[in-house]
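First comes the structure, then the notes that go with it.
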Amino acid sequence: MSPASPPVRRVKRRKRGVSGWVVLALVAGVGLLMLFPFWIALINAFKPAPDYIANGPVSLPTELDFSALVDFWGGVDFNRKLLNSVVISGSVALIAVTLSLLSAFAIGIGRIRGRIWILALFMLAFTIPQEALVYPLFVLTRDLGLYDTMTGVIIILAVLQSAFGTYMLSSVLGTFPPEVLEAARLDGASRFQVLRLVVLPLTRPTMAVLMTFFFIWTWNDFFLPLVLLPSADNQTVSVALGALSGQYTSDPTALAAASLAGILPALVFFLLFQRTLMRGVNLGAVK
Amino acid sequence: MPSTNTVTLNTATHAVTPRKGTSERRGGYWWYILPGAVGFLAVVAVPFGMNLWYSLTSWRGVGDPVFIGFENYQRLLGDPLFWASFRHSVAFIVAMAILPTAIGVLVAAVLFNYISPKFGSKVASFLRATYYLPQILPIAVAGVLWKWMYQPQYGIINTTLRDLGLGGLAQNWLGDSDLAIYAVMNVLVWLQIGYTVVVFMSGLSRVDPALYEAAELDGASWSQQFRTITLNQLRPEIAVVLITTSVAALKVFAPIFVLTRGGPGTSTIVPAYFSFSSFFTTTKVGYGAAVASVLALMISVVAVALLRYQTRNSEGFDDGRP
C-alpha cells in the first residue's frame, strides 16, 4: 500500500502543478495591472519632456531628469502641504482616538442607559454624507472665526472620525472581561484609574489600528478640507493635488511628477503600517 | 489576613449592593460621553438640522433665507439633473460594490484555497498587498494619475493603442459624454478591488478547513467547492461589504471632482457633486441642501439595513438590557 501511494500522489501534484502555475500567472497578471499605474507614474516623473514626446510613456527614461518633480514641488510649495497634512492628520488621529475611548468607555464598560440609541446616532454621524453638513459647517466656522483655519478642520474631522471609533471600540469594550474590572474596583481604583490603568493598556492594539486608520483617512480626505481650507497656505496634500487637475495639461511629465509626489507619502505609510492596515480593514468590515 | 479580607469584601459587594451600586456607577459614566456628545451636537446634529432648515428656504448664501416650504423638494422631483445624478449613482454602485465584490470573492478564494497551499502563504499575502495598494492612495492622487493616463493626445492608453496599430480605438475617454462614466467606473473598480480581497481573505481564514477536506474526499471540484462552501461561508462578509461599499458609492465625490467635474455636460454628475455645485458654484443653497437631505435619507436607509444586519449577527455586543 505505502509504496503505491507516493507515485499516485506525485502524478497528481505535478498535474496540479501545471494548472497551478497558470493560475499563479493569471493572478500575478492581475496584480501587475493593479501596479501598472504606479510604475508608469514612477518612470515618467523622471523623464525629460522631449524624451516623453519622442518615445511615449511606456519606455524607460533615457536619463534621469528631476526638473518636473522639482518644478512641481516648488510650484505648489509641497513641503508646506506635507507639513499641513502631517499636523492635521496627526492631531485628528490623536483627538479622535481619545474621544472614541472616552465615549466607548461609557458605553462598553459603563453600559449607560440608552446605549443602543447612542450608538445608532454615532453610526448616523459617520454614514451621513458630508454634503448634508458642509454648508452649515461653512457658516458656523465663518461665524466662529474658524473658517480657513486648520483648527476648524481638525475639530470637525476628529468628531466625525471618533463616531466610527466609538462604534468600533464600544463593541470591543463590551466584551471586556468583567473579572478584571471587578478586581480593579476591589483594589479601590476609581473609574478614571480603571480607564487609564486597566482598559487603556489592554485595548492598545485596537487603539493603534484606529489611530493608523484615522491618520490615513484624514490624509486622504478631500471634501471638507477642499471647502473649509481654501487658501494655499492651509491646503493639504490631497486638496493641492485635486485642485491642479485642470492645470499642467500641456506638460506631459508634470502630472506624472505630481502623482508621484502624492504617491510617495502614501507608500511610506503603507510600508510602515501594512499589518495594522490589513487588521483594520477587517475590524471595520466584520466586527 | 488581606486575602480573607478580599474574599469577604468580594462576597459583600455581590450580596449587598448590586442594585444601588450599579445605578450609582452608571450615572458616573455619563461624564465620559460628554465630550463626544458635545462634539456630535456641534458638528453633526446642529449642522444637519440647519441643513434641513436651509432645504425649506430659498437662499443664495447672502442675506436671509426665505421660507418656501417643500418647494425645493417639489422642484427636485421634476429636475432631470436630479434623476440623472441618481442614475449615475446606480452605475457607481455597480463599479464600487457589485463588480469589486464579485471579483474580490473570486480572487480571494483563488489566493486562499489555491495559491496559498501550493506556493505558500507568503506569495498569497504578497499578491494581496499588490491588490490593496490602490486603496492607500488619496483619491485625489488616483484621480490625477488616471486623468493623465486617459489624456487623449499623450496619455498612455491612447499612445499604446496607436503603437499597436489600433489608433482607431483611441478615444477622448473623459471628454466623450458617452464614455466618461465608464472611464470613471474603471478607476473605481481599480480602487476598490483591494478592499474586498482583504476582507474576503480574512473571512476565509475562519472557515473550518475540514469542510474543504470533506468536499475534496467526496470528489468535489474546485468550482463546486467554491459554490457550495466558499460562497455560503462568506455570506456575512459579502452582505456587509455590499452594504458599506454601496454607501460609499452613493457618497462618491472626489473622483468626480478630480476626473470630470460632473461633465462633459452632465454625463457624470452625482448627487454629492450636484449639491456641492449648488452650494458653491450656482449658489442655490436651499436647493443644494434639499439634494443633500435626500441623499442623507437614502444613505440612512442603507445604513440602517447594515446596523440591523450587524446587531443580529454579533452576540456579546449587547445583551438586550435597557
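Placement of Cβ uses the backbone N, Cα and C atoms for every residue, glycine included.
Copied over from TrEMBL:
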- B:1-14: compositional bias 'Polar residues' (COMPBIAS)
- B:86-308: domain 'ABC transmembrane type-1' (DOMAIN)
- B:1-23: region 'Disordered' (REGION)
- B:29-50: transmembrane segment (TRANSMEM)
- B:90-114: transmembrane segment (TRANSMEM)
- B:126-146: transmembrane segment (TRANSMEM)
- B:179-201: transmembrane segment (TRANSMEM)
- B:238-258: transmembrane segment (TRANSMEM)
- B:285-307: transmembrane segment (TRANSMEM)
*Contact check, the transmembrane segment (B:179-201) vs the transmembrane segment (B:29-50), 3+ Cβ pairs under 8 Å, seq sep 6+*: no
_What residues elsewhere in the chain lie close to the transmembrane segment (B:238-258), defined as a C-beta under 8 angstroms and at least 6 residues from its ends?_
89, 92-93, 95-98, 100-101, 104-105, 139-140, 142-144, 147, 184, 187-188, 191-192, 195-196, 199-200, 231, 268-273, 276, 295, 298-299, 302-303, 305-306, 309-310
_Cβ under 8 Å, sequence separation of at least 6 from the ends of the transmembrane segment (B:90-114): give me the contacting residues as numbers and ranges._
124, 127-128, 131, 181, 184-186, 188-189, 191-193, 195-197, 199-201, 203-205, 212, 222, 225-226, 230-231, 234, 238, 241-242, 245-246, 248-250, 252, 270
_If we skip the immediate neighbours and take only residues 6+ beyond the ends of the transmembrane segment (B:126-146), which ones have a Cβ under 8 Å from one of its Cβ atoms?_
107, 111, 115, 183, 187, 190-195, 197-198, 201, 254-255, 257-259
